[in-house]
Amino acid sequence: MIDTHAHLSRLDIYGHADELINEASGEGLLGIINVTMRLEETANALNLVNRYRGFVYTALGYDYCGFDIKEVQEIMRIINKNKELIVGIGEVGLDYSRVRDPMLREISRHIFTKWILLARDLELPLIIHSRKAENDVIELLSRHGPVKCVMHAFSGNKSQAIRLLELGCYFSIPPTVVRSQQKRDLAAIIPLSRLLLESDTPELGPSPGEPSRPAHIKLVLVELSRILNMDPGDLGNVVTENALSLFQLR
């Protein structure tokens, strides 16, 4: 199994990254994709890739509630300079639950469009955060794609999920699936070939207030196996193959 979305370089978590990585390896995980959202996280993320070659991978992104175009440009420069170390772009996206001002939303759409175009040009998967902005995400992907993409911890409705599937998106399921009917309902409609596991470390833990860890994707696998009435080993093989293929980890 591969954790396709963890924040190991966040300033409040990276001091524990070695512990979390070693625990994940001991639990039988085959890899972790470390995602970033800030410029100050990028150096640590690239360092983890070099220290844990073949186990920790990275995607570089930018805060979906951020509006600093110069910071965006600098992160893009780092991505282009380190293409051989980067397996995806993200976490990026739109969050209208937090960004409510119409002018700021327009800036968010402008920045998100830049990420779509970069992912398309570099042929890298785009890891997308969307909250109450699904229709705009769909519209921008439709206009500027095609691009490989992952909907991270998707919170939209069934019709939006189906439209995103039509656009080629994958869906990564977090540990909250053990306590969220919306996540269980989503998992039930996603084709096996588009299904991924994620921890969102340290967010979206299996219990309210409990920090998530990469090893928690084992709980996600067990719950998805129950929902889909599949053997956990068989499902584990499928989602692992999906991650290996999408992020070109072979």
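Every residue, even glycine, has its Cβ placed from backbone N, Cα and C.
Because TrEMBL annotations are produced automatically, they should be read as predictions rather than curated entries.
Checking the candidates Asp185, Asp200, Asp231 against TrEMBL: the one annotated together with His5, His7, Glu91 at the divalent metal cation 1 site is Asp200. With a cut-off of 8 Å between CB atoms and residues at least 6 apart in sequence, the same chain places Tyr64, Gly90, Glu91, Val92, Gly93, Leu94, Asp95, His152, Ala153 near His129 (divalent metal cation 2 binding site), listed in sequence order.
Ranking the binding-site residues His5, His152 by how many other Cβ atoms lie within 10 angstroms of each Cβ puts His152 at the bottom. For Asp200 (divalent metal cation 1 binding site), the same-chain residues that are 6 or more apart in sequence and have a Cβ closer than 8 Å to its Cβ are His5, Ala6, His7, His152, Ala153, Pro174, Pro175, Ser212.
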